[in-house]
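What follows is one structure encoded as structure tokens, with my remarks underneath.
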Amino acid sequence: MRITNTLTGKKEEFVPIQPGVVRMYVCGPTVYDLIHVGNARPALVFDVFRRYLEYRGYRVIMVQNFTDIDDKIINKANQLGVDYKTVADTFIAEYWRDAHALGIRPANFHPRTTDFVEDIVEIIEKLVEKGFAYQTETGVYFDVRKFEKYGELSKKKIEDLIAGARVEVDETKKSPLDFSLWKKAKPGEPCWKSPWGEGRPGWHIECTVMSVKILGESFDIHAGGEDLVFPHHENEKAQAEALTGKVFARYWMHNGMVRFLGDKMSKSTGNIFTVREAVKRYGRDGLRYMILSKHYRSPMDFSEELLQDYSRAVKRVWEILGRYEKSGDIGIPKRNAVYEEYVNRFVEALDDDFNTPVAVSLIFELARNLSKAMDDNDREDALLYYHLIRREFGPVLGLFDLNEEKKEVSSEELLKLLIEVRDVLRKEKRYDLSDRIRDRLREIGIILKDTPSGTEYTVE
């Protein structure tokens, strides 16, 4: 298996530190709003990568964090008139709802920043003791000039970064590139006690601490979006290696950005399309297919028109699978030469820098073969193709997966549809049918009320 390592810029043979075990850390969301398709891409891509590692026989220990204290969370809390924890708890719950809807499996660990504050303080103290960090009146900062390998991951030179620095000016810092480890509290902000006064952790230190505490001082894979390479991942690496003197992560994997309306999809610009809306309109497999049909390192253009096309393609495969399932011939095929050839092609694709576009195309090829085999009444081949889609490759890619439920229509959607039908019947003066719908709904505890602005309902 070969993957592109951002650290070296090369496609390298993947060899884990401990044979048979892969330890990986994926940067998770800052929880202050619903996740959009751009947020979902790394979560989905690296979940599928984890599934593939498991398919290849590895035991995977995966960590994905939640940043549950941050300026954006504090601003959202102030805007809503609630405390920061309410915002974080709410949007972590909403994240799980969307992740489940998209078929993203939980990692082994989902640490929250606020659960690791004591550990963060302890590690900042060690960095200060080692001379890599210093205190000012605004907090504690990492001294980038003290870490000789700073810029190694992002291929940036300190001198060039300082010359082009657009960092917020803080005259208490030794260099504009020095980044915050501990922020002194502002009035009214959530804070924790520390040797440097009350405050809260900086963004970069939290991921370093959580990954080291859970996975160890050195682990196999650190992953996330390419927009995190600098400064976030560069700073994580600097902190960890200054602390331990060891290689932090051996392989760095980064997915390309999602572009929407010509620009990077981003909450800060309002240029977003939420996962919830995408799944609701076009189904889980349509969005999964769209994301996996692009190589993870390439940028991905998003539009509703494109998503609609992917959704239609997925529906055609579901129709072929449904047609086969009606035959009732759901057995286990012989593992013959054709079976082995497809497995080899699948593994060859994903072993080559996780080439999901090729792997996904195999499923659609198999679907065409399945359709033809059914037309030819070739039951043996049909079973083989069906098995490969639903039981062999589907669970790895999370597409057409027997282990996942098909998209369900919610009871609320069905109720709204019934109300729409009833409104049409009333306009056509077909009161016998409209009243029958109203009365049957009342029997199951749903009370309709006709108003000038439309029909409202309550549930008893």
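One-based numbering along the chain as shown.
Quick reminder: no glycine exception, Cβ is built from N, Cα and C everywhere.
Quantities reported herein were computed from a predicted structural model and do not represent experimental measurements.
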Checklist entry - According to Swiss-Prot, which stretch among 174-178, 264-268, 294-298 corresponds to the feature motif ''KMSKS' region'? => result 264-268
Item to check | Of the residue ranges 29-39, 73-83, 304-314, 315-325, the one that Swiss-Prot records as motif ''HIGH' region' | outcome: 29-39
Checklist entry - Which one of these binding-site residues has the most other Cβ atoms within 10 Å of its own Cβ: CYS27, GLU236? => result GLU236
Item to check | Sequence-remote partners of the motif ''KMSKS' region' (264-268) [C-beta within less than 8 Å, at least six residues beyond its ends] | outcome: 33, 36-38, 227, 257-258, 302
Next on the checklist: Give me the long-range Cβ neighbours of HIS232 (Zn(2+) binding site): same chain, 6+ apart, Cβ under 8 Å, in sequence order.
Outcome noted: CYS27, TRP203, HIS204, CYS207, GLY224
Checklist outcome for this item: Cα-Cα, LYS267 (ATP binding site) versus GLU236 (Zn(2+) binding site), nearest Å, comes out at 23
Checklist outcome for this item: Taking DSSP helix as H, G and I and strand as E and B, the motif ''KMSKS' region' (264-268) has 2 helix, 2 strand, 1 coil
Checklist entry - On a count of neighbouring CB atoms within 10 A, which of the binding-site residues CYS207, LYS267 is highest? => result CYS207
